[in-house]
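Enquirer: Relevant sequence annotations retrieved from TrEMBL are reproduced here:
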- 25-46: transmembrane segment (TRANSMEM)
- 91-112: transmembrane segment (TRANSMEM)
- 118-135: transmembrane segment (TRANSMEM)
- 147-169: transmembrane segment (TRANSMEM)
- 175-195: transmembrane segment (TRANSMEM)
- 216-235: transmembrane segment (TRANSMEM)
- 255-276: transmembrane segment (TRANSMEM)
- 288-308: transmembrane segment (TRANSMEM)
- 328-347: transmembrane segment (TRANSMEM)
- 356-374: transmembrane segment (TRANSMEM)
- 380-400: transmembrane segment (TRANSMEM)
- 412-429: transmembrane segment (TRANSMEM)
Amino acid sequence: MKSDSLTKMVVHNKSLLFKKVRDNILFFVLSKGVAFLAPIFFLNFVSLEEYGVVEFSYALGSVLAVVAMLGLGGAYPYFVLRRGERDKKQVFMLYGVPVLGIAVIACLLRWYGAIGQRFSLILLFTLIFALQRLYSSILKSEDKGWLGVLFDGGYYFILTGVILVIWSFGITHHVMLLEAAMQVYLFVLGGFYVRQFYKLHTKSIPALLHDDCGEILRYSLHMVVSGIIIYWLTSSARIYIAYFMGYEQVGIYSFYFRLAGIAIIIHQFLYIAFFQKLYMGNSRRLDLYYTAIMGLVLCGCLACYLFVPLLSRYFLKGLSIDNARLFFLIALQMPLWVGISLCEGLVGRENQIRQMNLRVIVPVMLLPVALYLLQGRLTIELFTLLNAVTFTIALAIQHCLLSRRGIKLRKCSILSLALFAASIVIYFTV
């Protein structure tokens, strides 16, 4: 009987996987294909330093967006999916109103020269990512993964449009054009939120602020601290490299990071398409799911190594993987990045965010200390290895916390340790 039950479960999961892939594959290929290729193609039109500036702004904006979101992306599935309070959706759409106001003020300041281009780019990335992530979280919770996939790729569609305009008309001010396109896109996003709020609202804004916002923010502010720590942990590489080694080195690191970016694409697609299963599953299934996703991510990263020569010949001005050690270090690090991201949602579900924050902050704070002490001998490869050490420790902390709650991710832990061991071997032998 147990064997029959297991067989039925496997058949059901295969059927569900086929249905999800069938329903989402077109949007996945469109959105994530653009997300993978556009940043790499953009390097054809800008200098390595300009590319480094854009990637630095992207990375810092990605981290700051966590603060700007106020933890609302993590609060939505808790209140709406777990507690079933669907009337609170209007509070989350209200978020777009002040963001749109900030966007208008920032653009006016930029047009009148009160703020510089670099600050403007960081602010644009921050606000765009905040709006994209929040609505993507809403779509995931409502099992509309195909829309979430498209929404997640919004910035990359803008970047693709900019590349096409540059290629078609020979425009020379590439970064300035990207900045203008992002400003327009931010206004469109803000307007969309405002429109959705006025369609959904059943209370006045003062009533929402008094009755609902306090309760949501009391929960979500813990998510802000968690989000800052986790996003800084997983997205700060380009910020550290810019500080210790300069923007040109950021450009080099970003090129290899983008080549291995298939990891992020695979993770985001599966997380969006199967959000409810990955958020609400039991221990045994979650261990299997997480290990499988990390394995797929690793295979995807390593496969990119084979396709780069083809891309280089036809699209990338002869750019190639000259530093195999750096590429493989980043490729081995990507599944650890994905594991941390997956476990963060699970830690939130188990209401262990505060405990995670208190523990994970230690390796996060020790990394810049190590970089400072080693700055005379620091290379991109050594930085990447140190980053992998931090990732491995953070993931082990998450696994320990979840184990105390009865969620044992044994396979996931073994794979994580194997990846870290492989990183050490690659660093010292390749």
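Cβ coordinates are placed from backbone N, Cα and C, and glycine is handled just like the others.
TrEMBL entries are annotated by machine, without manual review.
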Enquirer: Same chain, outside the transmembrane segment (356-374) by at least 6, Cβ under 8 Å from its Cβ: which residues?
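Expert: Sequence-remote neighbours of the transmembrane segment (356-374) are 222, 225-226, 229-230, 232-233, 240, 244, 344, 347, 382-383, 386-387, 389-390, 393-394, 397-398, 401.
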Enquirer: Against which stretches of its own chain does the transmembrane segment (216-235) lie, if we need a Cβ under 8 Å and a gap of at least six residues from its ends?
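Expert: Distant contacts of the transmembrane segment (216-235): 59, 62-63, 65-67, 69-75, 78-79, 88, 91, 337, 340-341, 344, 347-348, 353-354, 356-357, 360-361, 363-364, 390-391, 394.
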Enquirer: Establish whether the number of Cβ pairs under 8 Å between the transmembrane segment (328-347) and the transmembrane segment (147-169) reaches at least three, counting only pairs separated by 6 or more residues.
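Expert: As far as Cβ distances go (cut-off 8 Å, pairs 6 or more apart), the transmembrane segment (328-347) and the transmembrane segment (147-169) do not touch.
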Enquirer: Which sequence-distant residues neighbour the transmembrane segment (118-135)? Criterion: at least 6 residues beyond either end, Cβ under 8 Å.
Expert: 53-54, 57-58, 60-62, 64-65, 68-69, 72-73, 76, 92, 95-96, 99, 102-103, 106, 110, 151-152, 154-155, 175, 179, 182-183, 185-186, 189-190, 193
Enquirer: Verify whether three or more Cβ pairs under 8 angstroms connect the transmembrane segment (175-195) with the transmembrane segment (147-169), leaving out any pair fewer than 6 apart in sequence.
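Expert: In contact, yes.
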Enquirer: Taking residues 6+ outside the transmembrane segment (91-112), which of them lie with a CB under 8 Å of any CB in it?
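Expert: Hits for the transmembrane segment (91-112): 68-70, 72, 75-76, 120, 123-124, 127, 130-131, 134, 138, 179, 183, 186-187, 189-194, 196-197, 200-201, 205, 208, 212-213, 216.
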